[in-house]
């Protein structure tokens, strides 16, 4: 039997007899080789395979074909791309591929988006209040809730410093935008910075990080339902602001929280005071206009905004058709964690919520303004190769994402308590109970 090696660049050629594989190929001895279990597959960890990395946009994928003399090819074996392998490129190479003008922040341009969005918010509220018809109110709620979400994204850019190079402008605009939708600007900004600095890390990540199996098993049935049964996960943001995620303690309003270091406490107090001022204003307007009117004008749009925020942020880190890795210990790096994030297409909403669905490059380089993210992503894709996952194309409205959301909540329940590269695992009991409830 002759053994042939099929190469994408070289074609099909015989392997020299001196290099043909034995029936049981032997790997060279390595000082430390371990296997990490995740999602039903084994991944070779340690320093051994890393040294084989090539300077290409994805790990090498040789195709080995066995063929008997004079006969047609009878078998083939192809290595699959492993997203858990260290990428053969670095942050510097991605940065170099992005045009220089994409890094430039234009304060006037950023402020023009604020003026546009605020004008739309007040225009929608005035129109709905004037017409005051139950035919119009549901349309208003959907539109205004989406605009609240757009305001949040602009405040989010202030928190990253991608809004402007002027720190005072970022702080003032961020406080106005976030306080208006009951988000404590500095408290959230600091925890969100922690999320970016530790993205993809099982324990240290801050936003929608996976539960270890030990923590998951300790959850009571009500908490599990709130975490995994729709629509409850899409209403989680206010709860997260007050008490964070399962397994973590602290509050975005408390300057003594574990989220903050001592020199950040004054900022947290300032943001909490702004939040209280906004809550007091809403209470006063409720007394003047009546509970029903404030429910129609503000409360329902706020609920829609929360759903947008939870939907978008969850799907930026979950719901891909293939399992993506989470890391611990020495296997985690800033780059590897960032490459597990996902871009999403939201159709017509892309422009309204300032291209926040273009998320991979944003996570790696959060200082890039939102109006340059699409161009920066297109420039970086040749470097990222298969580590970039093209988002599914959306129709005018992103209804297709509800399938990804539902599938993930049914399958992505916890990760192993051990291992430096882990994948989400499914709790059959939770899945069966959710089916019975339906």
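Including glycine, each Cβ sits where the backbone N, Cα and C put it.
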Match it up for me: which of 295-315, 316-336, 337-357 does TrEMBL list as transmembrane segment? 295-315
In TrEMBL, of the candidate ranges 113-131, 132-150, 151-169, the one given as transmembrane segment runs 113-131
Of 187-205, 206-224, 225-243, 244-262, which range does TrEMBL call transmembrane segment? 225-243
Taking 37-57, 58-78, 79-99, 268-288 as the choices, which stretch does TrEMBL tie to transmembrane segment? 268-288
Under an 8 Å Cβ to Cβ limit, what residues of the same chain, 6 or more beyond the ends of the transmembrane segment (295-315), are close to it? 125, 128-129, 137, 140-142, 144-149, 152, 181-182, 207-208, 231, 233-238, 282, 285, 289, 342, 344, 346, 353, 356-357, 401, 404-405, 408
